[in-house]
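According to Swiss-Prot, the protein carries these features:
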type	residues	note
DOMAIN	16-241	domain 'AB hydrolase-1'
BINDING	Trp22, Ser82, Leu83, Phe143, Met144, Ala145, Leu146, Gln147, His235	substrate binding site
ACT_SITE	Ser82	active site, nucleophile
ACT_SITE	Asp207	active site
ACT_SITE	His235	active site
Amino acid sequence: MTMALYWQVSGQGQDLVLVHGWGMNGAVWQQTAQALSDHFRVHVVDLPGYGHSAEQHAASLEEIAQALLEHAPRNAIWVGWSLGGLVATHMALHHSDYVSKLVTVASSPKFAAQGSWRGIQPDVLTAFTDQLVADFQLTIERFMALQAMGSPSARQDVKVLKQAVLSRPMPNPQSLLAGLTMLAEVDLRDELQHISVPMLRLYGRLDGLVPAKVARDLNHLAPYSEAFMFDQSSHAPFMTEAEAFCQQLIEFATR
């Protein structure tokens with residue numbers, strides 16, 4: 001089955017793909033794509049079920065990957081935010097001819113907390129799932145607030161996220177539920193050692209969804225990767241510290 005996803009392409013140079021997170025769409029990358037298009041050929045996608053791809057649906061990371069493969073550039077730098085980080089990591093693991101370098105942003109190989117592993121408490125994810133069935137617009141708004149919490153520019157961050165989501169068709173509830181299931185169940189920790197391309201992990205020090213301790217734990221699980229912590233950011237460093245964020249990507253691309 002072919003699944004035509006919505007892509008926007010701008011700029012010239014090395015191919016760079018930007019992948020959004022849960023409940024969002026490609027419009028969250030608008031400022032980032034604009035800034036990076038002076039340095040790269042930037043590809044921004046709406047994942048299946050989101051934005052202008054809202055009529056599509058994918059129930060697993062591999063189904064998302066198959067949809068992306070239809071139009072994704074080969075040998076590109078992949079930048080995945082939050083849930084998009086799982087998507088980009090999956091691409092690097094299973095479709096490596098498409099990925100020359102991997103960047104994860106405020107992401108984790110396992111989002112749900114378990115034992116000593118830090119993350120989102122399973123009951124929070126369960127509550128989100130229950131709320132989603134009742135009122136998915138309100139649930140997305142709560143998630144936006146949760147993402148920005150702790151950031152000095154939280155109010156502005158939420159405003160931009162909200163504008164981005166509302167500027168395109170609302171996500172489909174089926175895909176939102178599938179995404180929450182991925183956040184609750186996917187665990188790529190043991191697979192990280194098999195990533196064969198250079199990897200950069202970017203974090204926000206104030207992030208409540210991907211705690212800073214995850215960055216330290218991953219130094220052991222992915223010792224070959226590089227990591228950088230944005231001091232003033234929560235879950236959306238590409239908004240809170242936009243200039244520094246783009247600088248990290250440009251420097252990593254040229255290394």
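Even glycines carry a Cβ here, placed using N, Cα and C.
Known features from Swiss-Prot, placed on the structure.
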residue : record                 : contacts (Cβ under 8 Å, 6+ apart)
Trp22   : substrate binding site : Ser82, Leu83, Phe143, Leu176, Gly179, Leu180, Leu183
Met144  : substrate binding site : Gly23, Val158, Leu161, Lys162, Val165
Leu146  : substrate binding site : Gly208, Leu209, His235
Asp207  : active site            : Ala106, Gly150, Ser233, Ser234, His235
Segment-level pLDDT (mean, integer) for the domain 'AB hydrolase-1' (16-241): 94
Residue among recorded positions Ser82, Leu83, His235 with least C-beta crowding, 10 angstrom cut-off: Leu83
Cα-Cα distance, maximum over Trp22, Ser82, Leu83, Phe143, Met144, Ala145, Leu146, Gln147, His235, record's substrate binders, Å: 16
Under a three-state reading of DSSP, tell me whether Leu83 (substrate binding site) is helix, strand or coil. helix
